[in-house]
Amino acid sequence: MGENETISPLDSFCGSTFWDLDQTWYTNDPNFTECFHQTVLYWIPCGFIWLFAPYETYQILYSNTRYIPWSFINISKMVINLLLIILSIISIIYAVIQSNNGVELYTNDVYYVTPAILAATFVLTLGLMLAGKKRGIRSSGPLFLFWFLLTFCGGFTYAARIKSIIDGMNKMETYPFVWEMVYYPLVVVMFFINCFADKEPLYMEGEGKSDNPCPEEAASFLNVITYTWLDSLIWKGYRKPLETTDLWDLNNKDKSKSVVPRFEKHWQKALSKQAKKPSEPKATYGAENGGVSFKPSPSTKKIVSVLPALCKTFAPEFLLGSLLKLMQDLLAFVSPQILSLLIGFVEDLTQESWKGYLYAIILTLTAMLQTLILGQYFQRMFVVGLQIRTSIVSSIYRKAIKISSSSRKESTVGEIVNLMSVDAQRLMDLTTYLNMLWSAPLQIALAIYFLYQILGPSVFAGLGVMILLIPVNGVLANATKKLQIQQMKYKDKRVKMMSEILSGIKVLKLYAWEPSFQAQVEEIRSKEIDVLKRAAYLNAGTSFIWTCAPFLVTLATFAVYVTSDPSHILDAKKAFVSLTLFNLLRFPMSMFPMLVVSFVQASVSIKRLNKFMNADELDPNSVSHETTQSAISVEKGSFAWSQAEPPILKDINIEIKPGKLVAVVGQVGAGKSSLISAILGEMEKLSGKVNTNGRIAYIPQQAWIQNCSLRNNILFGKGYNESVYNKVINACALKPDLAMLPGGDNTEIGEKGINLSGGQKQRVSLARSVFSDMDVYLLDDPLSAVDSHVGKHIFDEVIGPKGLLKSKTRLLVTHGITFLPQVDQIVVLKDGEVSEIGSYKELLAQKGAFAEFLLQHLEDEGTDEDIPDELAEIKQELENTMGKEEFARQISRQRVASESQSQHSENAENRPMIASPDRSLSRSSSTTSMEKSGGSLRRRSSAKDRKSVDAGAPAANPNNNKLIEAEKTETGKVNSKVYIHYMRSIGGWLTFITLVLYILYQSFAVYSNIWLAKWSEAGNTTTKNHTIEQQRDIYLGVYGALGFGQAILVMLASVLLGLASLRAARTLHIRLIGDVLRLPMVFFDTTPTGRLLNRFSKDVDVLDNTLPFVMRSWIATLLQVVSTILVIGVGTPIFFAVAIPIGVLYYWIQNVYVATSRQLKRLESVSRSPIYSHFGETLTGATVIRAYGQEQRFIKESESRVDINQVCYYPSIVANRWLSVRLETIGNLVVLFASLFAVIEREKGTMDPGYVGLSITYALSITQTLNWFMRMTSEVETNIVAVERIKEYSEAVQEASWDHGKREPPNTWPEKGKVSFEKYEVRYREGLDLVIKGISCEIEGGEKVGIVGRTGAGKSSLTLALFRIIEAAAGKITIDGIDIADLALHKLRSRLTIIPQDPVLFSGTLRMNLDPFNSYSDEDVWTALEHAHLKTFVKSLPAGLEHEASEGGENLSVGQRQLICLARALLRKTQVLILDEATAAVDLETDDLIQATIRKEFKEGTVITIAHRLNTILDSNRVMVLDKGEIKEYAPPDELLANKNSLFYSMARDAGLV
């Protein structure tokens, strides 16, 4: 430019040359021109701040903090800023004075414009600083960068001024020198001050300050981009395992209360827009398999997608991220250009040395800048992902609370929870990669452009190979996807099976059925493993192609390049710059298939979410709440569970006045529970009008209990009022239960109320409603689950005319007829219609359905002498009304019907209980309102799960009020034993061979690059034996062979590793299921099913899919890191001196990070479970929550749980960034030293350009490799935890052996069935009190014994003891003289029979449910069904015995399920039969059927009955009365009843039997 005659505008602007290459570049002493100093170096920083001023203004205006107090920092900033403004103005004044004095230099514009720009800019920065102080901005990014740029650019001018002294100044240079000496130090100090954050603002707008704010808010911009604000947490995590208390609150902008309203606003807008469109017919729903499916009818409403709402909510943050990504992508292509210059520098020895150092520094600075930008990009994307998850989880929760019954039954609780756990997570993961959609094509285009510059058209050969590989990839991806779907199908099947096994584990143990079910699970598992094997081969194919791909591309390009033209010589610059560009190309190419998979998964997730979010909601207008004379009124109401189904209730007309007690009665399936659901608005109203007046309390038939303390279950969000609370506790007969519970009313109640008996749960549910003090009470048969004397107490104290609720309106569904004379009005339902309404007396007089109902009931109660007082009165009234003869005739007709029923089960359909198949199957709902209304997942018997407490559970020390043990989170490093355990599961040889193959693969990879360096050095020179062409072909041939060698080796290694890890997965799963099924029952009582299932789903999935991938990546990256260091070190041995300290630093950072990260991961996964368990609980109790109007409280609770989970998740995102910034900085140091040593060695003349290219190409890739290696190390640690968790259960204490006992019983044992207890004691688990205290008694063979006692007397403990579900603490039980403790468990359990209180069925055929081992003939099975009164019903099913029972037997009514349990007992027909309150949950008719069959079929056997209804054991030979684990009375019932002081007499009196 020196010779160029044309003068640029800037030359005339300055009055001197603006740019002179001879002064700046072609010299050993480079310097900028004076004009460049005066313009560009000042203007760049000023331009930057003016450009970003609007952004900073936006930040200031929208800040929600206020007023930072004056401090040393902001006072210093203000003073220095003012000084700089003064200096700039002085500069202008000086120029004016000099110009007036005729100094020609100062007539040039630059001396006025630049100081004026500086002055204006400093005024701007002062304004921004003061405004920021007022609006609470503690540290500003744009201002920090402005002062940094000013310092950086000013450094050149400052250096030039100092140099002018050394060279000797002329007079004209004195002022600029003095000005610079004052100005520059002020700028440096200002930059230094801006590295720190200001004081905390005085207050925040709209909310109080957090007690434990995130230090990010207090961090300066420098700390934010380098993540040093996290240091304190990382250190703390290194010193000790982190706990939740060590973590900070979320930033306000990330909390649910900030995020959710923003999303909800856009979502509601989208919904209302859709709603405004002309309405179409309502969607009808039909069940469909395979995931959450809501199938609309042809006239569907248009589905509104959540995607636009998400985009609108999170677009601004996302776009900022995209901008950062663009900057990073462009910077990535600077490195190859610098590398090209550096190789050129090494080749050309005439270039000045300083240029080499400049290239090395620029290379490092570019990498460093990339590191910081990428860190911020990922951080922002992860935060957006986190916010997306928060808003989706919250929206799913809000939707689930108001979804209609018909939509709700489309999917299981598990499937809806999956929306929250899997689908929300997928969308969250996708945000990080979303920008790759445009970024990958951009990177590919740039790489090809630069490659074309170097290699010309040859690059298209490589590109062609890449394009050819795309369809191959597509085929592989498709095949993988199919296999994935198949594997998911098997996995779902297996997990569903396990879920049922764990839910019904007690039944499996009692029947000794575990081996059959274990075999079923293992059969599914082996199919799953076969699919995974195929996937392993596919993966090997994929890795073969991915290893080949980059190599084939470079090979094709270089081959075409060197063979297309003899003048094309492959030198170091071309080879290694191309290689670097190809490496850059590799990432977007490899990301593309992953992106496609992620997108497919995300689109599936969005579809599933859309279906759910658009599902029909309950119509809030189906029930009106007008103030009228009546509390509840239904006019001409017809109701169904969905629009498409036939109505269940037809033409209902009911009016209930305030304060009245109205009973609803009717046979099973008459629609009693459905009536309550209709009043609650849970059913679809087909016609008519429903009105309720006042607030409603609802007590469901199956109590819904939350997993929280008993007191909180009762308070249910209301404030605690001691006197009211105690009154309620007494009235609901909970006082004795509280005394027994280990922590009183602060005892934690397990999932689904697992540690309460059915009766206790029902009383808690009742207490909740009474405490809530509402106006209208809807009671769905709450008395069926409690003992009769308790039922009487509750009716008198709570529900009846003198109870606590006497002034309230009560609608009571009941099966018991003893209370009917006391109610104001009775509604009789028959087949979904109101057949009669009136008072007790009126209905008796009508001799209609009600009288029939009573007759039926009286006949069930038995002969005259058995009838208790209340029933005797009812009988008397009936006789009076009907006339004695008519009454006798009717009762005998009922009796004949009943007897012929029990003899000829062909007549079974005459009984209302066993409905025709279609009726009972489609309408099993009528037994419960909960089932269809999104209430309970399965309508289990009401007297469910009488676990530890009922059976006399222990009053342990008062602070022992936790039932569910908190999940154990391991702390510290994963024990090496876990790795050894895993390696052993794989097998030693397999491990060794796989490692050797990987090492060989890496050696080939390194050598192929060394070969390339040799080739590029050989260039045009020839050896004496070969021509140029021959030599070229040799180099090309060897290079190709090395590439294919790599691909073959990696494929073999991949196959071996895949098969090895599957072998381990198979072995560990077999061990896990074997060990879990052998755990004692007490373990299942204290461990939530979800936690166990997690082992079988999540942890086994990690073994199957995640660990193999992670292990493969870990081995590959480890070998890459080692080879990089070797390659650089061999070329420049001095590098080893630097590599060692860098290695130590790396290892140290890794150790510090892994300790913290591991613990954060653990905390995060532990804090995730409560979100899902609370959600599952909400779904189950949605009807109750809605009835009490508690939706908002539950939504808040859910959001706070999400926030707690994000509190653990956010630091782990940031810790990730903290690590990558530090690791990449280490990688950048490697680049710096590799390039510096190359420059130094070049000075000595010992460095080949090829080797420079090789070592720097490796160095440039080390950043990513180090990062991946670190990630993978941490991933291996994180995922190996799955092995640790699985191993944990194999080490738990197991129950006694199934097959090997001390003695073998004879095949016919027990022949007589004589049971003896000798000083027998038992406790539930170590450290708890005895529940049976040294009892001794005998039950003769063939004797019928009833066991009674109040709740907690130890009745159920006795049955558990007989089956050795709990083992003796002292004493023994003998059956026919053999001590049961000497027998193998399965030998014992298979020779006894039990009909448990909870009729558990498993999904599968009816035949499997009766005889899972296929040990009986079909004939035997049919006979058992016939005796159980089920033959006609089963015959009428299309599939007969092969009829599929759904999960938990939901498609059968409770009564039918109980009869199937009876059929199981009849099929076994052992000498000893135990009935554990088997009829507590069924209506009286089924109860009679069961009792009659047992009397007939087990005439000769020993029958031990634990009684709930005393009338069922009045015909026993003897009755045992238990109290607090001791036998108080043991005699024939007549004898006990004759003694009015006996306990049995008082219980019979309470039950109204005497």
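One-based numbering along the chain as shown.
Backbone N, Cα and C atoms are what each Cβ position is placed from, and that goes for glycine too.
Where the annotation comes from TrEMBL, it is an automatic prediction and has not been curated.
Quick look at what TrEMBL annotates:
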TRANSMEM  40-58  transmembrane segment
TRANSMEM  79-98  transmembrane segment
TRANSMEM  110-131  transmembrane segment
TRANSMEM  181-197  transmembrane segment
REGION    271-291  region 'Disordered'
TRANSMEM  330-346  transmembrane segment
TRANSMEM  358-378  transmembrane segment
TRANSMEM  433-452  transmembrane segment
TRANSMEM  458-479  transmembrane segment
TRANSMEM  584-604  transmembrane segment
DOMAIN    632-856  domain 'ABC transporter'
REGION    883-968  region 'Disordered'
COMPBIAS  916-936  compositional bias 'Low complexity'
COMPBIAS  951-961  compositional bias 'Low complexity'
TRANSMEM  986-1007  transmembrane segment
TRANSMEM  1034-1062  transmembrane segment
TRANSMEM  1121-1149  transmembrane segment
DOMAIN    1317-1549  domain 'ABC transporter'
Beyond the flanks of the transmembrane segment (433-452) by at least 6 residues, Cβ under 8 Å:
318, 321-322, 325-326, 329-330, 332-333, 336-337, 381, 459, 462-463, 557, 578, 581-582, 584-585, 587-589, 591-592, 594-595, 598
Suppose I define contact as three or more CB-CB distances under 8 A, residues 6 or more apart in sequence; do the transmembrane segment (40-58) and the transmembrane segment (181-197) meet it?
no
Check for me, if you would, whether the transmembrane segment (358-378) reaches the transmembrane segment (458-479) - at least 3 Cβ pairs under 8 Å, residues 6 or more apart in sequence.
no
Close approaches to the transmembrane segment (330-346) from elsewhere in its chain (Cβ under 8 angstroms; 6 or more beyond its ends):
355-356, 359-360, 362-363, 366-367, 369-370, 373, 443, 446-447, 450, 572-573, 576-577, 580-581, 584, 1235, 1238-1239, 1242, 1247, 1249, 1252-1253, 1256-1257, 1260
Other parts of the chain folded back onto the transmembrane segment (181-197), taken as Cβ under 8 Å at six or more residues beyond its ends:
73, 76-77, 80-81, 83-84, 87, 138-140, 143-144, 147-148, 150-151, 154-155, 157-158, 161, 218-223
I need to check the long-range neighbours of the transmembrane segment (79-98): which residues 6 or more away from its ends have a CB within less than 8 Å of a CB in the stretch?
105-106, 111-112, 115-116, 118-119, 122-123, 125-126, 129, 175, 179, 182-183, 186-187, 189-190, 193
Across the domain 'ABC transporter' (632-856), average pLDDT on the 0 to 100 scale:
86
